[in-house]
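Below: one structure, written as structure tokens.
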């Protein structure tokens, strides 16, 4: 095979890879037992793009109470159970620092209700007329919301064996007297004991709706928090706004990318076209890496990505400007290309490394959305180095080898 | 090739920046920055009213609840959205506000709600400052190592310039500063240093080629050679970010605006701040070199 044929083949292979990647991202592929999902399904969207709630809770110890590792872990468990009851897909409940818990609930519609459930301490107490605690939430094995005989919403409690015993003793002792049922210091109801209850069943009355009863039952089932938690930061985005942001930013991104590509094509012609192919590689590789790292795409993340598209062509601009300088000095296409790449190389490395340094610092010291942004910045830089240098060089070099286009004008010189 | 005389007017360029920054600092001293809830703590309630409404009426409705220091603004493509910013509200106050809006405009829906405690904001401020200082220090080290210490100083001054210009812009136009502003500043730092290094790289190369030429001459040649690249790269970057500003939706507008201002400042500072300063710093030691 001669050089021309070889070069054509190489160009064809690269273009094939580009189309294969594009097809995979758009529709997914299935090879035997292995399956690659299309991008739409594979990429994880942040709360700002799909709607949901983000809550940062901080432990607020009562006077004399201390925060311990165990209490925080137990609190995390309790919240996890409650979130589970909300039926949220892929919730996040993690500890952050010494005294904080971060909760992320994607797709939650009723944010108000979710917030009420998450943050409540839910310490349930049965208090006798002597102000002594008879039962606590720990004595309850199950709680259900239902309607009583009079069609009033109630929570029916099933006590464990220890609770059953304590409750039987108390109802005997306080027969004819009221027992207050208290949640987080607030009396929900104070029924008068009519008979000794030894079957371990108790009922909470005085609820306004079956929804309230269901919520209370869920809280009791999940157990009380071992420590009070305060909401330090709450961010909730409705699903419509999230979808709206996603569609708008994607549309803006596509237009931005088209503008950048058009500019490169018009200004640099053949090299510009090659840069556009490299840019397509860049975009696809960043998206693939994103999925591979299981990174979450947020709104600032998309912005960073779109910005990086504009910056990604920088390496190509540097190379092409050098290339033009060399062509003007009378070099052949091939020689000018090699010299252009060679001389632009150190500049590209130096300039990108400094940006990456800034990105790494951002990643280390930033939190939440800033971290996500830093990831896009760093990834974008590294990948653009590859596409703008390697992909462009192979394509352009082989294109010159084919001698299909020899007029320097097409190379914008 | 025509060579532009950038260095001959270096004091003009530097003065322009100084005027911008001075008015920014003046504004900063007199009324400060419009710190967003991310830093001050507070609530943001973002409603989709669902029909055209009068902002004045919305303001009056909200003020009638006795809330203080409330800022409200229109948003959305059809101006049918309402964003309310308040100091930290109790759940009760929040419910009342939502109820009031919904009673007047029955189609209204709360589409975004944010609440941040002031403590979180303080932490963020500190973190952002530390990140910025360390990023600058890292850049200084790298540039000093790869180039020379004076280039590092010039590069850092250009970065400080960009940060000050961004802060000035935000103070003068009183745009809310939230956590994404911090991200924008750090991105601009990354972008601007990239731009500066490209010129410094060329200067380093030209120093070898041009031998004992004056530093101003070397600087002029280097900038002229890199000018097309500087313009083209900032153009492609701005093309992508400006389309995001106009089409990306309300929630991201402030962020993209900060980026646009920063990138423009970054390009300016490379040519008109970093390079003249480098030339001045080197010029003092010309005798040693010659």
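Each residue, glycine too, has its Cβ placed from N, Cα and C.
Per TrEMBL, the feature domain 'Protein export membrane protein SecD/SecF C-terminal' maps to B:100-282.
TrEMBL lists B:12-29 (among others) with the feature transmembrane segment.
Remote same-chain residues near the transmembrane segment (B:128-145) are listed as 151-153, 155-156, 159-160, 163, 182, 185-186, 189, 193, 197, 200 (criterion: CB distance under 8 Å, separation of at least six residues from the stretch ends). Positions annotated as transmembrane segment by TrEMBL: B:128-145 (among others).
Look at TrEMBL and you will find B:152-175 (among others) tagged as transmembrane segment. Taking Cβ pairs closer than 8 Å, the transmembrane segment (B:152-175) reaches residues 17, 20-21, 23-25, 27-28, 31-34, 132, 136, 139-141, 143-144, 181, 184-185, 188-189, 192-193, 196-197, 200, 254, 257-258, 261-262, 265-266, 269-270, 273-275, 277-278, 281 in its own chain, all 6 or more past its ends.
Marked as transmembrane segment by TrEMBL: B:181-200 (among others).
What TrEMBL lists as transmembrane segment is B:231-249 (among others). With a threshold of 8 Å between CB atoms, the same-chain residues lying at least 6 positions outside the transmembrane segment (B:231-249) that come near it are 191, 195, 256-257, 259-260, 263-264, 266-267.
For B:255-281 (among others), the entry in TrEMBL reads transmembrane segment.
Note on the transmembrane segment (B:255-281): residues 6-7, 10, 13-14, 16-17, 150-151, 153-155, 157-159, 161-162, 165-166, 169-170, 175, 180-181, 183-185, 187-188, 191-192, 195-196, 198-200, 203, 215-216, 218-219, 222-223, 227, 230, 234, 237-238, 241-242, 244-245, 248 of its chain, located 6 or more positions outside it, place their CB under 8 angstroms from a CB of the stretch.
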